[in-house]
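**Q** Please find one structure pasted underneath; my questions will follow.
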Amino acid sequence: MEKDIGDEEKKEESLDHQTGTNVSDEFTYLQRNEFTSEVYKIEVRNLGYFGIGELKKLLRNKLNLDMSKIKSPTHKEFAFVCFRSQADQQKAIQTLNGYKWKGKVLRAFAAKASADPLQKKRKENQNEKQAYPVNKKQRTSIEATCPLAGLPYEEQLKQKSSNMEELIKNFKAELTKINKSATKPLEDFKFEGVERSPQITGYRNKNEFTVGKSSTGEIVVGFRLGSYADGSVEVSEVEHLPHLPDAAKWAARTFQQLVRHSKYEPFNPEINSGHFRQLMVRTSSQTKEIMLVVGIYSSNLNKTDLEELKNELIDYYNKRSQEESQFICTSLYYQDVKHREAGQMISPIEHLSGTTHITDNISDLQFRISPLAFFQINTAAADILYQKAISLAQPQLHSTVLDIYCGIGSIGLAFAKHCKRVLGVEIIPDAVNDAEYNAKKNKIQNCKFLAGNADDYIQSMVKEVVYSTAPGEQLDLIAVVDPPRAGLHTRSITAIRAASAIKRLVYIACNPERARLNWIELGRPESKQFKGDPFFPKTAIAVDMFPHTTHTELIVLFERQTETENLIENNPEKTEENSIKE
């Protein structure tokens, strides 16, 4: 992209007054001395229909290409593949160009980098403003985070119930088109409405605040009002937000004071400068503990400066604990938040002071929670969520429950007293350690937790259950999944479907719209990719884990439909004829 360097007046007008950068240059980020997947990107064409998993397997395992990322548009004929060096990029082009895969000859070539989405959006907004001058009102933090806060709570529940009904209606129509055998089972699929949250305000036990600047240029610790891709990096304070507990507001307010008085700067995402990037706050309504995880961008800090900054954090919160009585930071962590290395799943953390965990309760169970472990955001509503999941699953004393994405074991431990055994799997080792500790703490002995990728462990977990079942002993295997917002990986779906011993599946969705894609895969007709009889939904119930927001947690019970059951339900007369002839 060319710049008009001859017009100094225009150049001056295009400068961002907070950063001094030229907002019209959408590719400045490529010149930074740091990794970005856009620099060494290639485009691979003529792929035909393909799965991301099988393409990764081809590139990494068969062709030994050291790729960092695959970007696949919705159009399934091509993909962008990113690398970390020019040498890796050139090797990939030479290897893939002309390579024959699945009956097609591939074409590969260097791809142009994408424009910085923030600068691109700003340029678009600037052009629109010049063409159509309007005074566009910036939305507030309550509009960005709690859009339903202006409605009475009963009205919020009605709106959420209506949204879930519409989503389920669309899902049923889509699945029926793909699998005609689902028609009859879907007629019996029931939605039982939305359960209210026992706690409506101050319910969030975990919050992730951004360090940035307000529209007036003041340093703020709070929530972003928009996304980077939408052209917004503005941060707004959180004092008036109804879903945050007072302890979280205290944490944001006091950390904001620290940053404002520190010689170290807030992180600037536009030019990757500065240091203070984010603050994660975990609170416990039971013990009043407060855990703080301070995210620092360390790429531009030397070892001495970094140690000084860590000591500044320790001294600041030690002093506050001596001066205050209502709120005290009981656990302090440092987190190194920058571009992750190849294969790195999470940003590393370091314990600075206080305890290493906090403790909270769901119903009569006590849980130890490590900094990065998953724990339900709304503790009071989590008890309702788990009891509804147990009620739908109907475990028996001879049942085994597979807790996929088990976190610190909260779901599995809730199921434990209703079944023979629980097997859980979780990718974060510290969370697995918490799960094992929590089982012992609650004197529960029929749970086993494994550390690893759920996609790789499902089949081995099923085999362990099947092989350990004595001859003549009844086998009842129930899978419970509570995946991240993105949903289950297709590999998990294929593993669950291929495990014929799993007859019932309880899917807990924090993002039902995204989860709908998983539900379609569960109900597809059997194929080369999706082996095993499909799962069809029986009952769904929502639990309002997030009052004042548009989000709802939805629990769906799926049951496996065998070929014989399909035949009986879809061709009852023909089946009766066949049985008479026999």
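The backbone N, Cα and C atoms fix where each Cβ goes, and this holds for glycine too.
Keep in mind it's a predicted model, so treat the numbers as computed, not measured.
According to TrEMBL, the protein carries these features:
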{"type": "ACT_SITE", "residues": "Cys510", "note": "active site, nucleophile"}
{"type": "BINDING", "residues": "Gln376, Tyr405, Glu426, Asp482", "note": "S-adenosyl-L-methionine binding site"}
{"type": "DOMAIN", "residues": "40-113", "note": "domain 'RRM'"}
{"type": "REGION", "residues": "116-136", "note": "region 'Disordered'"}
**Q** Using Cα coordinates, what distance in whole Å links Tyr405 (S-adenosyl-L-methionine binding site) and Cys510 (active site, nucleophile)?
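**A** With distance taken Cα to Cα, Cys510 (active site, nucleophile) is 13 Å from Tyr405 (S-adenosyl-L-methionine binding site).
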**Q** Among Gln376, Tyr405, Glu426, Asp482, the annotated S-adenosyl-L-methionine contacts, find the widest CA pair distance and round it to a whole Å.
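**A** Pairwise Cα check on Gln376, Tyr405, Glu426, Asp482 gives a maximum of 15 Å.
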**Q** Show, in sequence order, which residues other than Gln376, Tyr405, Glu426, Asp482 on the same chain lie with their Cβ within 8 Å of the centre of the Cβ atoms of the S-adenosyl-L-methionine site.
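**A** What remains near the Cβ centre is Phe374, Asp403, Cys406, Gly407, Ser410, Ile411, Pro483, Ile508.
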**Q** Sequence gap of 6 or more, Cβ distance under 8 Å: name the residues on the same chain that satisfy this around Cys510 (active site, nucleophile), in order along the sequence.
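**A** Spatial neighbours, sequence-distant, of Cys510 (active site, nucleophile): Asp482, Pro484, Arg485, Met545, His551, Glu553.
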**Q** Kindly report the helix/strand/coil residue split of the domain 'RRM' (40-113) according to DSSP, in that order.
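**A** Per-class counts: 22 helix, 25 strand, 27 coil.
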**Q** Rank the binding-site residues Glu426, Asp482 by how many other Cβ atoms lie within 10 Å of each Cβ and give me the one with the fewest.
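**A** Asp482, out of the binding-site residues Glu426, Asp482, has the fewest neighbouring Cβ atoms within 10 Å.
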**Q** Indicate the candidate from Gln376, Tyr405 with the smallest number of other Cβ atoms within 10 Å of its Cβ, considering only these binding-site residues.
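**A** Counting other Cβ atoms within 10 Å of each of the binding-site residues Gln376, Tyr405 gives the minimum at Tyr405.
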